[in-house]
C-alpha cells in the first residue's frame, strides 16, 4: 500500500549508485530540515508537482537469494531498493524491514552499521532540465565514524544526474548526518541537468570511504516530486526574414518561463509553395512571402510568428572583418575572415589591397611581401566599398625559437626523410592523407551546430577535445607531406585554422570538466603540435592568445589538477614520471611558440627530477623496475611515455642554452638496457608491466613494444655514441625482423619512425643482435622475467610494496582483479598469444599461474590503490641466467575481495624448464580454490592436439574432463616453437577444458568501442576443493618441447622437488647442479642448506666451483642472514663485500648483510675442496620370494665412512633412500629399470649404477 501525504500524490522510485571516486559538486538548490510532520511543498503560481512512484514507503517487499541476500535480514528487501558495500569496506551492513518505530504506514527500513562503508540506493527515469523535489524522513542512532577528518560525514543523502551513456553529469550531497537524531525530514529542490535521463538517489554511509560507520539509520517516506511548469509565452529569434529560393536555415525560439522549455512546438507555413518549415528548419521554395507560425502543442493559444520574404536577389549592406587592424610578420600569411550582412545576401563581393608591394591576396589569403602599412577593402558588385581593415606587416627575423619549431615540424612531417619514388613511403603517406580526407569531409563548418564532428559532439567528455585536435593535426600533416595530393591545399588550411579557432572559442577556453589529463596533457600536446604546423597562417597575436589559454591549464609542469570537477585549478598532486614529462613537453612547445625563454628554462629544470634513480615512489629503480601511480609496475605504458618524453625533450633542447645535462641523459641508456630490453620479446612488450592498458584494443603488447622502439630509434640512437648506437640498432633490427606476426614498419602510423627504422633494417652493416638470454628479478615492482632459448617466462605478483592492479580508473581494466595473483606469461613462437582479443575473452578467474578463490567479483574490485599484506615476495638469481621467485599470496586483507585465501607460491627457472610449486593453500569461505596450470589461447580452428600421458584427449570445443594421476600433458602448437609440455612430479588430478569464448572490449573497459572478440582456449586447473587446508601443487612447464620430448622428460626428469611445504619450497636441477630454495620461515633447512632468516637461496656446483646467491625478498631484514652449506671449500674466488665467512673448514657458514639491499641478490663464489669421487653401488641383487615386496641388496665399492646414504631410482625417478646396502620395495607386476646412487655427507653423489632390470 502507498502512504498518504498532505498533497496526496504518489511516490517515485530513484536508484543511485555511488561511483568509486566521489567528488562533491555544488548545485543551485534549497535544503530544508523539518521537525514538523506536516511540512508542505512550496509551489509557484504557474507550477504544480507530480509525484513519481519509487516504493519509498517500503511497503512492497520481496525475497532475494543472490549474492546480495546477506545484506538483508532473512533476504527480505523493499522492491526497487538495494544495499551495496564499497570495495574499501571490510564489514557488511545489514538492512531489515521493521514494523515498529516507523514514520507512517506499516514499514520502514533500518540499516545496521558495523564500521561499514556502502550505500542504500535506487533510481528513476526523469526529463532533463526539469525541477524535482526530494524528501526523506531519517532517524539516526549512535553514529560513529572514528575519523578525525571533519569533512567526512557518517551519512549523506546524495543525488546523481545520469545521461543516456550512464555518465555522471553532476553529483551532489543534499544533506549530511553525523550524530543521533530523532525523526527528521530532509528536503531539497534540484534542477536536473539538461542531458540527464535518470536521477540516482543514494544514502551514503561514510563519505570519506575509508574508516566505515557504526550505529544505525532508519529511513521512511523517501520520495521525489516532478515539478510541472505551465508555459506563459514563446519568442522567436527573429520576426522578419529575407532568404533566397533553395536556401535553408533554422529559426530559434525561447519558451517562457525557461523551465517550460521541454514543451513541444508545432511549426506551420502560410504557403508551403513559397516556404517549407519543419521543426523550425526552413527552406525557401519560390519567390514570394509567407508567415511562419510556432504554436505550443499543448497550449495552442500560445504562439509566435515570423514573416519571411523569399527573393532571388539580396544585396550586401556591409562586410565585417575579424579586426579593424591586423598585424602580420613579414614572410607569414593571413587567412582573411569575413562576414557579409545580411547573412542571406546573394550578392558577391571582392577583396582588394591598396599596396601590393607590402602584400598580395590570393584565394582569400594575404601573402606578405614587405614591411609597411596598407589596407584591404571589400567591394560589392557595383564596385562600392562595403568594408575595410588596415594591414600592418612587421619586420621579422627568424630566431632560435623558429629553429626549434622547425625541429618539431620535421619530426611530425619528415619530408627530409621521404622519397616520392619510394612506394613504401608513399603508401604510408597515403594512409595519413586518406584519414585526413575523411576527417576533412566529415568536419562540420555550420556555425549553428555546436561541434566540429558529429561523433565528438558530447561536451561532457573531455577526451573529445583531445580527439578533435588530433584530427586537425592529421589534416595539417596531410597539408605538408610530400606526395600528398592535398599538399598546400589552401582550402584545407583554411578549415584547419577555422577548426583551431572554433575549438579555442567553444571547447578549450578555460572551461573544465571530466578528465584532468585531456586538459593538461592530451589536448595541449596535440594543439601545440598543430599550431607548429599551422603557424605560418596564424598571426603572432593569435598564437599568443592561444598560448595564454594553454598556460591557463598548464601554468607549469608540476601541478596536476583534480579531475571530475567543473572547478579548474584545484591541485590534486605534484606530477611525477610520465605525467611530468608529458607536461614538460607542453611547456616546451608552448614556450617555443610564445618565444618564452624563462618558461623554457623552467620546463628543462622540471625534467631533472625524473633523471635519477629512486628508492621509493614513482620513477626508475636500479634493479630496472619502473613504478608509476604510486606503486604500480608500469614499464610498458607510462614507462614508455617517460622514455619517449625524456628523449623528445633532449632532442628538442640539445645544443641550446636549455639543454639537459649530458650525464643525466646518459643514465637513460642504462635504463633501456635494464628496464626495457628484458621485457621486450621480438618487438612485444610483456603485458604484465602495462597496467590497465591491457584492456584497450590499441594498448596490446605489440602496440606498447612499438612505442618503446619508436623512442629508441627516433631519439636515443641518433644521440648515442657510435658503440651504443650500433648496439641499439642491432637490438631494434632483431626485434623487427624476428616478429613474424606483424609487419611492424608496414603498419606503424609514425612516419618518422618508419623511415628511420627501415634504414636500420635495410642496413647490411647492422648485425642482428640475437636472442637475449638471462634472468631478471624486478624486486621493486614484484615482477620476474626469465629468458631462455626460444621462450620468455614472466610472473606478475604484488606485496606490501605494490598495488594489486589498476582497475576501474576511467572505467578501464574492469576484470584485472587476479592479474597479479601469480599470473604467468609464456612467450614463445606464438607471438599473438596475448593479442587478437586475448584479454576480453580469457576467463578472468582462470588466469595461468594463479591460485584463486572462485568468488565472482565486482568490476574493478581491488583496483584502487590496494597493496598486499605480505612482505615475502621476490627471489634470487645466479649466473644472471637462472632464478628462484616466490610470493606469499594472502587475500585476507585485500579490499573488495572478502576472502581469506593464503598460499605460498614459488617458481624455479632453469635452462629449458620452469618449476611451479604451491603449498600452504588454505581457505575457509566455503568456496572452491583452484590453481590454474594453463589457459592458452588456441588458433581460430581451436584444434591443436592435446595429449595426456601419451593419449590424445579433449579433442573438441566444449569438451571437459577431470583426469586423475596425470604424469604429463602436451599442447601441440600450429607453428614452430609453439609446443608446450607439462610435467607433474607427484602426479596430479587435473581438470581440462577446451572451450570457445566471446567477450566485448566494453566488458573490460567502459571507454572502449562496442567490439566483440571470439577465441578458443585450452584450460588446465587443479581443484583444491572447498575450504582446503595446507593443500599443495607442483608442475613443470616445458616450453617448445615436443610430445616425445615431454614423455622422455617424464621418464628422466632433470628436476627433483626437495621440499614443498609452507615453510620451505626447494628444487634441484640435477643436470645443471643447481639447488634453489625459498625459505618462508626463520631457522629452516633443506638438503645441505640451512638459514636462520627468511630468504631465497641458490647454490650452483660446477667445475669445482661453488656459487652462492641469497636475497631478502621481504626487504624487512635490517641485519644479516646466516646461511650454512654442508660443503667443504678450500678458497674464495670472489664475494660481495656484504658476505662474511664465519667458518669454512668442515662446512661453509656465511653471514650476509641484507640491510637496504631492496631484494637484490648477493653473490659469492668458492673453490670446492676436492673430495674422493664416489663410485656407484655394484653387484645388485633382487630377491623375489615375497610376492608383495622385493628385497634389493648391493655392494658398496667405497670406504664405508665415505657414504652417508643411497638413492634408489625406478625408471629414472627417485623412489626411496637407504642408509645401508639393503632395501625392500613394493612394486606392481611389470618391468622396471633400477639404478642406485651413492651420496656422501656433503651431498656429493656418484653416477648412476648400471641399469638393472626388475621383472615379475
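All positions are counted from 1 along the displayed chain.
Yeah, the Cβs are placed from backbone N, Cα and C, and that goes for glycine too.
Nobody curates TrEMBL annotations by hand; they come from automatic prediction.
Annotated signal peptide per TrEMBL: 1-26, in sequence order. Marked as domain 'BIG2' by TrEMBL: 232-307. Sequence annotations record features per position, and here TrEMBL assigns domain 'Polysaccharide lyase 8 N-terminal alpha-helical' to 418-733. If you look up TrEMBL, you'll see 629, 638, 692 marked as active site. Annotated domain 'Polysaccharide lyase family 8 central' per TrEMBL: 776-1041, in sequence order. The domain 'Polysaccharide lyase family 8 C-terminal' annotation in TrEMBL covers 1056-1119.
Residues of the domain 'Polysaccharide lyase family 8 C-terminal' (1056-1119) grouped by DSSP class, helix first, strand second and coil last, total 0 helix, 38 strand, 26 coil. Cα-Cα distance from residue 629 (active site) to residue 638 (active site): 9 Å (rounded to the nearest whole number). Around residue 629 (active site), taking its Cβ as the centre, 19 other Cβ atoms fall within 10 Å, counting all chains. For the domain 'BIG2' (232-307), DSSP puts the residue distribution at 3 helix, 46 strand, 27 coil.
Looking at residue 692 (active site) and residue 638 (active site), their Cα atoms lie 11 Å from each other.
Looking just at the domain 'Polysaccharide lyase family 8 central' (776-1041), the mean pLDDT is 96. Here residue 638 (active site) comes close to 577, 578, 579, 626, 628, 629, 691: these same-chain residues lie at least six apart in sequence, with C-beta atoms under 8 angstroms from its C-beta. All protein chains shown were included, and the count of other CB atoms within 10 Å of the CB of residue 692 (active site) stands at 27.
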